Each structure stands twice: as structure tokens, then as C-alpha cells.
């Protein structure tokens, strides 16, 4: 540093530049802060603490001398406040005066006492400001309900938002039906598999059922006769067994439904009187409403004259049941009436044609089943959508 006795203080370690180079107490050297050739560091004017912190000085004096700053005595120099002129410039400025109402809201000046009085005569406005029976002119007039007045005023803005709870409850029913339908379908499909396993086990009493088609020219692995692949010769026999099982299950369901409807009196089949012809006159059941009407009951087998007796035409229960199902389906699905000519033509075919159809189903049935099997779960979905929508 040469002859410059001013020591720079970049880190603020030395207190206020009161360091004596010769470590002489009470030296006559001038205050180094008054030296015009000193280094002006940012922390040069800050008052520091003693060598060992405030309030702790060794008995023989500190390393920095006996000056007050070296002994850890802090002196605070009051700072003069800024002038009053700059105090307003740095702080919040005063709020200016508000302009008059006639300049900011000219439309409010149009509401004079006459216009306001005429507006209050509107019953919708009166219902908002005056209670029932109240009046500004002293006349007691009936006042509409406030809710109805508000709704009438707001009716021009558009329809209210639909209630989402009603929409959610309307969709919950079909979703539950679809879930129950899929669950029932999975359980129903396990019934034919169980019956097929029982059927094939009759040919292998005490042995493990094995498909006999694996010994043919087709190189396939050993498998059960209830799980034949399409290339196995026993695949068509498996389809035939399952088709017969499905027909038996359907027949049992129809018989159960027929017994239930007959027990409830929904199939009024007129019995034959012994020793009479196909038609008889006598007491008969009351004729029910046909399926084309408001009820789902089938047509009665007899006509009822005015004298209380009716002419009964005996028909079998199965025919009455089939007629009932056809009329119910025709009422629900109007397009079934277009199939009547085709069904009549199909029924009138010769036995040769029927055998040909059975043979085609036997030959092409497995291939069609592989094509249509992915779409089978969609049938209950379409049925539920048709019924509920």
C-alpha cells in the first residue's frame, strides 16, 4: 500500500479503519476516514464491532487498539430525514376529486321523478320493491309473487338449464339393465358348456373324454371333444350338440312361460265339449282384449253374442301361445308384418327344400358361427336400446 495509511476494507472486517499499523495505543495519527486519498469501499463508513465481538475486550487491550470502536462500543450516527418535498414523490399520491355525476353517468340524469314513478307502476317492478299489498300511491293492489315476476322477466333470456339429476337417473336404468344382461348372458353360456361336457362324458364312462378326430389326417394336438378347433372333424358334431342343447333350453323356457300364462288365465283356450263338433255353443270364458288393443292378452278363441253364450273354436294351447307371442311382437315391432308373406312361403316349401336348408346349415354353420360370434354380444344391447329408447 506504500505510504497510504488508509487500509481498504472490502469485507467489512476491520472496524471503521481504526487500525494502528504500529499497534500503538492512543497514537497521534489522524483519523484515517478523514484521509482524502483513502479507498472508498462500500463498507468503509459502517461502524464495526470489537476484535472479539461487542462487550468482550481482553484485559491488555484488543488487537485493534484502545479506540472506542476497537473496544466494541457501537456508536450510531443519526441520519437526517429526507426533505419534505421528496417525501410525497416516493409515497402514495392523493386521490383526485371525482367528477360530477352528470359527466360520468349521464343516463342517470334521465330518471326524473315522473319517469321513476311511471316505472314503479309496472307490476313486475313493484313486486321487487314493495311487499304484498304495499303501494307508493296509497292504493292497495294485488301483487304477483316475486319468484314468478323474476321468472317472467328472465324468461326472455332463454330456457333454464336442464336438471342433470333427471338425466343421470334416466340413463342409470338402461345401464343397470345392460350390466344385468351381460352378467346373465355369461352365466347362461356356461349352461350349454356344462351340458355338452355331460353329454360327451356318456361316451367315455370312467375315462377322460378325448376327441377322436385328432387321429385323422389333420395334425392337431390332443383336446377335449367340447373344445374342438374349426379344423377338427369333430367341430361340426360339437356345434350340432350345442345347437340341440340350445333348442332344448328354449323349449323348456317356452313350456314354462306357457304354463305360467295359462295359470294366470291369459290363454283362454276353449275346451271341446264331449260328443260335439269342432264348434260348440254354451257357457264360455269371457273374451279378453286382443293384443292389438291396449292390453297384451291374446285374442279369445270364441265370439260372444248378446245372449251370454259364445261359440267356442277349440285350438291347442301351443298355437294360442304362438299366436300370443306373434301378436305381441307385431305390436312392438311393426316391421315384422313384412315378414308374414316370407314365413308363409317358407312354411309351404316341400320337405326336400327343408332338408337342403338343414344340410347347408350343417356344412356352412361353423364358418358362419366364427364370423358372427363377435357380434353375438351386441344383440342384447340392440334389444335394450330398442325397448328403452
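Each residue, glycine too, has its Cβ placed from N, Cα and C.
Per Swiss-Prot, topological domain 'Intravirion' is recorded for 2-242 (among others).
The region 'Pre-S2' annotation in Swiss-Prot covers 109-163. For the region 'Pre-S2' (109-163), the model gives a mean pLDDT of 55.
The transmembrane segment annotation in Swiss-Prot covers 171-191 (among others), and the record cites sequence analysis as its basis.
The topological domain 'Intravirion' feature in Swiss-Prot is assigned to 192-242 (among others).
Feature annotation from Swiss-Prot assigns transmembrane segment to 243-263 (among others); the stated evidence is sequence analysis.
The N-linked glycosylation site feature in Swiss-Prot is assigned to 309.
Per Swiss-Prot, the feature transmembrane segment maps to 338-358 (among others).
The topological domain 'Intravirion' feature in Swiss-Prot is assigned to 359-364 (among others); the stated evidence is sequence analysis.
Swiss-Prot lists 365-387 (among others) with the feature transmembrane segment, giving sequence analysis as the kind of evidence.
Mapped onto DSSP helix, strand and coil, the topological domain 'Intravirion' (192-242) counts 22 helix, 0 strand, 29 coil.
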